[in-house]
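J.: Questions regarding the structure given below will be posed in turn.
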């Protein structure tokens with residue numbers, strides 16, 4: 001029988017020389033006895049082997065014959081092979097759906113049948129298992145199949161449910177079938193949750209608890225599940241990616257897994273947006289506001305561009321979504337507005353347009369102040385024109401700062417409390433305008449969103465320094481009226497402090513120009529790289545300060561006892577030709593010496609001592625400490641800093657287009673609303689538009705207390721609700737179209753890959769096997785059920 005099973009092997013005629021020698025004829029050191037130490041299951045009978053082999057070959061008629069002959073129940077239809085697979089599992093793996101239906105009708109059972117079908121992504125098998133009804137019951141066995149498998153021998157992770165496994169495979173069709181069965185998922189708790197359930201699970205098995213949370217989030221991050229269960233898939237992907245990013249910082253053991261899932265959610269949102277085919281669909285998607293977000297009622301009634309979804313994408317740091325081509329094209333359209341012809345102009349005309357607007361920006365601001373709703377005012381209101389006008393206003397402010405040093409009077413040099421000049425009052429007007437602009441932005445955006453922008457942080461510090469400068473100048477003018485040489489002034493004289501703050505504020509004012517280069521495709525990526533390098537330098541600074549503090553303490557303790565009295569010193573300072581170690585007698589002096597030693601500005605004599613004879617050991621220790629500092633800081637840490645900066649630059653360079661477009665979009669969005677149209681100092685003048693809005697709001701408030709006003713208010717609310725419902729309905733229609741296109745594109749990608757080729761080959765093999773068995777049965781080649789073991793000539 002075994003020879004028939006293996007016809008290619010001639011066991012009887014095998015040469016004895018080809019077989020290994022018996023252990024008795026060899027030395028014990030030359031052979032190694034092999035023994036199966038695993039659990040040996042009960043060997044199957046011949047009929048059971050035939051039954052499993054027929055299922056594996058896909059022989060429907062043989063399986064049916066064996067099951068019909070098993071009236072006495074001698075055959076164990078739930079038997080398993082050496083791999084632990086029963087007939088149902090084998091049939092599912094081979095995708096023999098007709099045999100699977102036959103086995104289920106005869107009562108074959110498998111606890112993990114549904115999981116095997118989902119894992120193999122056999123959609124037909126999943127459908128059969130979910131809809132199968134036993135002969136003695138009118139209800140399908142779905143309840144048992146949908147239970148979580150807790151068998152550690154199963155190939156997938158423990159505590160796995162069918163819906164979780166289907167989401168891991170990202171199979172849209174299978175998930176659709178499972179969701180019709182009213183399935184549910186346990187809501188994952190926070191990592192630091194101390195509830196009774198989480199405490200018990202952590203105490204019992206912390207690894208299992210963490211892995212189960214990871215499986216749940218891997219399920220939730222499935223694009224197919226997001227499309228099926230989320231009314232707003234884009235918002236769901238945004239929120240889930242933020243949660244996964246936060247989890248990656250907490251559960252560092254699974255950081256790579258959570259970061260990969262967060263990246264998957266970001267790419268899904270980007271790919272879903274890429275399915276938009278026209279500007280109308282993009283407008284509906286990018287202007288949609290969720291129920292949790294504040295809604296601009298006036299903007300909704302006026303059909304104004306609010307770009308709420310785009311602002312939310314920037315808040316959640318969705319760089320892939322914002323830098324997507326469709327989104328960027330829509331942003332360009334909104335950015336130029338009625339100046340759309342500017343992009344098609346030659347370079348010379350572009351420069352002339354910018355210079356003209358930059359020179360006549362005060363006139364343009366006055367025109368908008370007088371007639372904001374006119375055709376000319378609407379052109380000025382476009383984001384592109386606002387950007388140029390605000391930039392020209394800021395350049396004028398910098399010009400006033402340069403003029404400030406030119407109008408400085410030498411005769412007031414020793415005046416302890418000089419009066420403010422005319423240019424000071426001009427600067428104060430600009431500063432008040434910039435502060436008012438920041439206050440309005442803070443009011444509409446909120447403190448958290450306002451402080452997230454580094455541009456707002458720099459503006460806040462700069463304006464605070466200018467306010468402190470002029471406040472100190474005014475205080476000095478009121479308190480001091482004398483003349484004296486500056487060297488006789490107090491170190492913290494208000495005028496001196498004001499000049500120091502003013503100098504630092506001037507530096508920040510010019511550094512603020514870096515934020516304007518984001519609009520340039522050449523300088524923008526360099527600015528982003530510089531910002532990332534500054535972050536890396538902050539990390540490096542913490543390590544450097546620790547090393548500096550360690551060596552400073554050691555050198556100070558070593559040389560403090562050898563401090564030379566002042567009258568015996570030849571000179572002081574680390575740049576002295578006759579330098580001594582007296583620099584190291586204090587903590588501050590040692591810090592300065594070691595810091596400048598990095599830049600080779602400390603004298604070589606820093607290694608010498610002024611100890612007397614017999615204290616060579618202290619001299620050697622001091623030289624060894626400084627030498628070690630030289631190796632650790634000058635050689636190792638500085639090279640580490642260079643490597644960190646190079647890595648940051650390379651990281652930005654690899655994603656240059658994405659990083660630049662995201663940074664540019666953040667800058668552009670600050671000019672899209674109508675909150676800060678006029679630049680400083682014209683924004684501090686009450687405009688007719690503001691007065692009209694105030695009068696309109698006041699009249700509405702007064703009318704709301706009358707009977708007619710209440711009716712009008714109710715009608716306005718009904719109109720607003722109707723528009724809101726219509727907006728949500730349009731959004732759902734567009735989203736359904738995007739989901740269908742996304743599924744179609746994914747199906748086309750799968751058909752063009754090797755996986756589709758393998759699936760086609762499997763289908764061809766199944767068809768050929770089924771055709772062979774049918775022909776054999778029709779021609780009567782099978783004389784007995786054991787004939788399939790024997791080869792035919």
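A Cβ is built for glycine as well, from the same backbone N, Cα and C atoms used for every other residue.
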J.: Checking the topology in Swiss-Prot: do residue 482 and residue 594 fall on a common side of the membrane?
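T.: According to Swiss-Prot, which assigns topological domains, residue 482 and residue 594 fall on the same side of the membrane.
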J.: From 387-404, 405-422, 477-494, which range did Swiss-Prot mark with transmembrane segment?
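T.: That would be 387-404, the stretch labelled transmembrane segment in Swiss-Prot.
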J.: Would you please say which range out of 296-315, 316-335, 456-475 has the annotation transmembrane segment in Swiss-Prot?
T.: 456-475
J.: Taking 244-277, 346-379, 584-617 as the choices, which stretch does Swiss-Prot tie to intramembrane segment?
T.: 346-379
J.: Go through the chain and flag residues at least 6 beyond the ends of the transmembrane segment (387-404) whose CB is under 8 A from any CB in it; none is fine as an answer.
T.: 354, 357-359, 361, 364-365, 380, 423-424, 426-427, 430, 434, 506, 509-510, 512-513, 516, 519, 668, 671, 679-680
J.: Under the DSSP assignment, what numbers of helix, strand and coil residues are found in the topological domain 'Extracellular' (476-496)?
T.: 10 helix, 1 strand, 10 coil
